[in-house]
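As recorded in TrEMBL:
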| type | residues | note |
| --- | --- | --- |
| COMPBIAS | 1-10 | compositional bias 'Basic and acidic residues' |
| REGION | 1-22 | region 'Disordered' |
| TRANSMEM | 26-45 | transmembrane segment |
| DISULFID | Cys67-Cys146 | disulfide bond |
| ACT_SITE | His98 | active site, proton acceptor |
| DISULFID | Cys100-Cys105 | disulfide bond |
| DISULFID | Cys152-Cys343 | disulfide bond |
| DISULFID | Cys233-Cys255 | disulfide bond |
Amino acid sequence: MTPTACREEATSPLNSSSSFTSAPQMASSSLVVLAAMATVAALLLSPATSLPVFTGDASPGFHAASCPQLDGIVWSSVEAALRQEVAVAAGLLRLYFHDCFPQGCDASILLNNTAARETALGPNLTIQPRAMQLIESIRARAHAVCGPVVSCADITLLATRDIIVISGGPWFNVPQGNLDSLAPAAQEKVFDLPAPKTASVATLVESFATRGLGDVADLVALSGAHTIGRSQCGSFEDRSQRADDTFSRKLAANCSKHPERLQNLDVITPDLFDNAYYKALGFNQGVFTSDMALVKNKTTAAIVKRFAESKDAFFGQFARSMEKLARVPKPAGNVGEIRRFSCFRSNAQRADAAVDAAGEEEEEGFSASA
C-alpha cells in the first residue's frame, strides 16, 4: 500500500442523505461543524500529554516515562514485517539515510511529496512504500497505546536500528526526541544528496564531510549497508555496460536476459547483515561503480580489507557512523511537531482536510433548504 492510499480521510459528522434540511436541523448541523472545527483546533494547539523534552540524548530510555511500551511495539512490528518481506530491511535503511542526510532526521522524506521522494529514493520501487507503511503502522500502534508522544522521525530511527539487529547486524544508539518537520525537504536539499552509485570516492568523502561524517571510515562503513538489498538493472547500467571484468560482463548478460530481475547487492549472503559485502569487493564483485571505487582508492581499499577480515571491525565502525548520521545537524534546530494523524501528512494538512470536509457538508445543508 502506498502512502497516498493509507491516508486517513476525514469523515463528516453530518448526515446529508436527506434532500431537505429544516431550520432546527440546519442549526444543529452548524453547531456540529463548529464543534468539529474546535476539536481539530484543540488537538493541534494543545501540547501532547507527558511529552518529553528533547535533549539530544541517545539513551534508549528517552521515551521510558511517556511510552514504556515503545521498544516492544517497534521490535515486534519490525520482526513481523521482516518475516513477511525481507526487502523491507533495505527499504528502512534507505529511508534512514535519505531522511537524515539532507537536513537532519525529521521525517521530511515521509511527507506527501512524490517528486521529492522519487528524486531521493528512485521511482517504481516497492520496498520504500512498504518501509514507509511500516513506519506509519508503528506510529498508529504507539499513539493508540501511549498517545501522540513519539514522532515519526524517532520511529524511523528505532525501526531501522532494530531491523539491522534482527538481520544480524550491530546494535547502536539513536538520538530520540526528534520532531517531525512541517514540510518536505526543499528540492535543493534533496538534489544536494550525493549519487552513491556512480560518484567518485573524492566526491562522496567531500559530501559526507559537510554532514559531520568527515572520517573516511564513515563512507566505507555506511557503504556496507549494501550487504542487504537488491537493485534494478538501470541502477548499475554504467558498470554493467563497461563489461571490463568477469563480474560486470555477468551483470550485463543477466540484465540482457532478464531486465526486470533484481540484482543482489551482496552476492554472498544477500539477506544477512554481515561483512560479506567487503569480501565480495575483494573479488571485484561490487554491483555499483561506487562499490568498486572503494577498492580502487588506496585509502578506502585499506579499510575495505580490514572490514573484510573482521566483522567486529565493520560492526563497530558501522554503529558509530549510523549514530553520527542520526545526529546530522538540523539547520533551524529541532523545530516541528509530532504528527498525530499520519506520518505522511503534517497536522495542519490533516486539520485542513477535516475542516474542508465539514464546510462542504454545511454548504450542502444550506443549499438544500433554499
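Cβ coordinates are placed from backbone N, Cα and C, and glycine is handled just like the others.
What you see is a predicted model, and the numbers here were worked out from it, not measured in a lab.
Ranked by CA distance from Cys67 (disulfide bond), the recorded positions His98, Cys100, Cys105, Cys233, Cys255 have Cys105 at the top as the closest. Using a 10 Å Cβ-Cβ cutoff, Cys105 (disulfide bond) registers 29 neighbours. Taking each Cβ in turn and tallying the other Cβ atoms within 10 Å, the top scorer among the disulfide-bonded residues Cys67, Cys100, Cys233, Cys343 is Cys100. Here the Cα atom of His98 (active site, proton acceptor) is found 9 Å from that of Cys105 (disulfide bond). Comparing the disulfide-bonded residues Cys146, Cys152, Cys255 by how many other C-beta atoms lie within 10 angstroms of each C-beta, the top residue is Cys152. Looking at Cys100 (disulfide bond) and Cys152 (disulfide bond), their Cα atoms lie 13 Å from each other. Closest to Cys343 (disulfide bond) by Cα-Cα distance, out of the disulfide-bonded residues Cys105, Cys146, Cys233, Cys255, is Cys105. Of all the disulfide-bonded residues in the list Cys105, Cys146, Cys152, the shortest Cα-Cα distance to Cys233 (disulfide bond) is found for Cys105. Note on proximity: among Cys105, Cys146, Cys255, the disulfide-bonded residues of the record, the Cα nearest Cys152 (disulfide bond) is that of Cys105. You'll find the Cα of Cys105 (disulfide bond) roughly 22 Å from the Cα of Cys146 (disulfide bond). Across the structure, Cys146 (disulfide bond) and Cys255 (disulfide bond) place their CA atoms 48 angstrom apart.
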